[in-house]
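Trainee: This structure is in structure tokens; I'll ask about it shortly.
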Amino acid sequence: MYAENITNAVEIQDIRAREILDSRGNPTIEADVILADGSMGRAAAPSGASTGSREALELRDGDKSRYLGKGVTKAVANVNSQIRSALLESDATDQQGIDNILIELDGTANKDHLGANAMLAVSLATAKAAAISQNLPLHQYIANLRGQTSLTMPVPMMNILNGGEHADNTVDIQEFMIEPTGFSSFSEALRAGVEIFHSLKSVLKSQGLNTAVGDEGGFAPNLRTNEEAITVIMQAIEQAGYKAGKDIHLALDCAASEFYKNGQYILAGEGNKTFDSQGFSDYLVKLTEQYPIISIEDGLDESDWEGWAYLTSKLGKKVQLVGDDLFVTNPAILQEGIDKQIANAILIKFNQIGTLSETLDAIYLAKKNGYATVISHRSGETEDSTIADLAVGTAAGQIKTGSLCRSDRVAKYNQLLRIEQQVRASYRGGEEFIGLRG
């Protein structure tokens, strides 16, 4: 009888979804999962601006008379009807079982029936409800799902200067990031990032440059070249009292698919400077030789696997090469990359694949094969901080969650500060990176 009551306590009693707004003022979906014991989990789906063509489908209404076509009432209806009916009385602690039901109910390769946004909100809300029911912090509950015994605090990739699809400026590369590698705790690393962020504002102001921010909270000035963006960040690091290449390293997200046209990489902000695959790879190699860059994300187009092979041969032993649009958090595509020795790291975004279980599959496949894992936000975010718990609970090692302003970004950093206070989790700094390991 006692065991039966325990089982009943974690049964899903109700599921309800609604439209809310993301950080860009666009609708997204939020779901609540309520268990028999009263535990409730709540989660919201993020949304990307630069997206990979093989990502799972984000279901939008397409009704131009409402939210300019970006409404998600269809996704909400799918949760409140089909998904709710399928999951009522299911065991919320059986995450794999819950996600399998969602996948089977959708029945498509790219989640275009239910929508990856609808599925993800329910998948994450279920995990949160189960964690609350078991009186566990979410990061520990996630760790338990795959038997992760050692926890680590992630090194933050802080996007302090925005370009590309994340800003209305002349800079082609989408993200210029700092990585606090030379610190012994997450809180000290975060403090360094904040100080450099404020220092960068001062540097930009002193040069008469715009200090408005982009989608992810980084500054978005008009600059003549990508290299000029790196230069002002180097100045900010020095002005803040830190040493580039020792305390702080740099990272780039090229989002190269956004400026790849007809087999050419075209830097519109630099007078339509044009490269072929090898030429743009060599351009990136040169930047790593001139500046302390230890990570490059989406350095080439998602379809340019031959170019990726060349880039990996040139930099793969000393620079982290991250596949985002390349792998879209998809274990099958990642396995293809592993087999072909393409890149050496994967960016992990829940909504690219649509369920927590599939996300964990991608993380642990990467780990098994020596690929680094970077847990990531999207440019359209909410106050939901689940990715902070995912980063710690999987010992991913790195997190990418924007700049040091905008509450949708800072929410994740604040959650990591709370977790660091609660648990014994090491901060490995530079040891997380292929080019810095001792």
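Backbone N, Cα and C atoms are what each Cβ position is placed from, and that goes for glycine too.
Quick paste of what Swiss-Prot says about this protein:
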ACT_SITE  Glu216  active site, proton donor
ACT_SITE  Lys349  active site, proton acceptor
BINDING   Gln174, Lys349, Arg378, Ser379, Lys400  (2R)-2-phosphoglycerate binding site
BINDING   Asp253, Glu297, Asp324  Mg(2+) binding site
Trainee: Checking the recorded positions Asp253, Asp324, Lys349, which are within 10 Å of Gln174 ((2R)-2-phosphoglycerate binding site) at the Cα level?
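Mentor: The recorded positions passing the 10 Å Cα test are Asp253.
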Trainee: Report, in whole Å, the straight Cα-to-Cα distance of Lys349 (active site, proton acceptor) from Asp253 (Mg(2+) binding site).
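Mentor: Approximately 15 Å lies between the Cα of Asp253 (Mg(2+) binding site) and that of Lys349 (active site, proton acceptor).
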Trainee: May I ask which of the recorded positions Glu216, Glu297, Asp324, Lys349 is closest to Ser379 ((2R)-2-phosphoglycerate binding site) if we compare their C-alpha atoms?
Mentor: Glu216
Trainee: Output, ordered by sequence, the same-chain residues six or more apart from the residue listed as 'active site, proton acceptor' with a CB under 8 Å from its CB, or 'none'.
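Mentor: The residue listed as 'active site, proton acceptor' has long-range Cβ partners Pro46, Gly48, Asp324, Val328, Thr329, Ser376, His377, Arg378.
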Trainee: Among the binding-site residues Arg378, Lys400, which residue has the fewest other Cβ atoms within 10 Å of its own Cβ?
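Mentor: Result for the binding-site residues Arg378, Lys400: minimum number of other Cβ atoms within 10 Å at Arg378.
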Trainee: Beyond the listed site residues Asp253, Glu297, Asp324, identify every same-chain residue whose Cβ lies within 8 Å of the center of their Cβ atoms for the Mg(2+) site.
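Mentor: Filtered neighbour residues, in order: Gln174, Glu175, Leu252, Cys254, Ala255, Ile296, Asp298, Val322, Asp325, Leu347, Lys400.
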Trainee: So for Glu297 (Mg(2+) binding site), how many other CB atoms are inside 10 Å of its CB?
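Mentor: By my count, 28.
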Trainee: Given the (2R)-2-phosphoglycerate binding site residues Gln174, Lys349, Arg378, Ser379, Lys400 in the record, what is the largest Cα to Cα distance, rounded to whole Å?
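Mentor: 17 Å is the greatest Cα spacing among the residues binding (2R)-2-phosphoglycerate.
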Trainee: In the structure shown, which of the recorded positions Glu216, Asp253 has the fewest Cβ neighbours within 10 Å?
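Mentor: Among the recorded positions Glu216, Asp253, the sparsest Cβ neighbourhood within 10 Å belongs to Asp253.
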Trainee: Among Gln174, Ser379, the binding-site residues in question, whose Cβ has the most other Cβ atoms within 10 Å in this structure?
Mentor: Gln174
Trainee: Would you identify the secondary structure of Arg378 ((2R)-2-phosphoglycerate binding site) according to DSSP, in three states?
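Mentor: The three-state answer is coil.
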Trainee: Taking the Cβ of Asp324 (Mg(2+) binding site) as the centre, how many other Cβ atoms fall within a 10 Å radius?
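Mentor: The answer is 29.
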Trainee: Measuring Cα to Cα, tell me the gap between Glu216 (active site, proton donor) and Glu297 (Mg(2+) binding site) in whole angstrom.
Mentor: 16
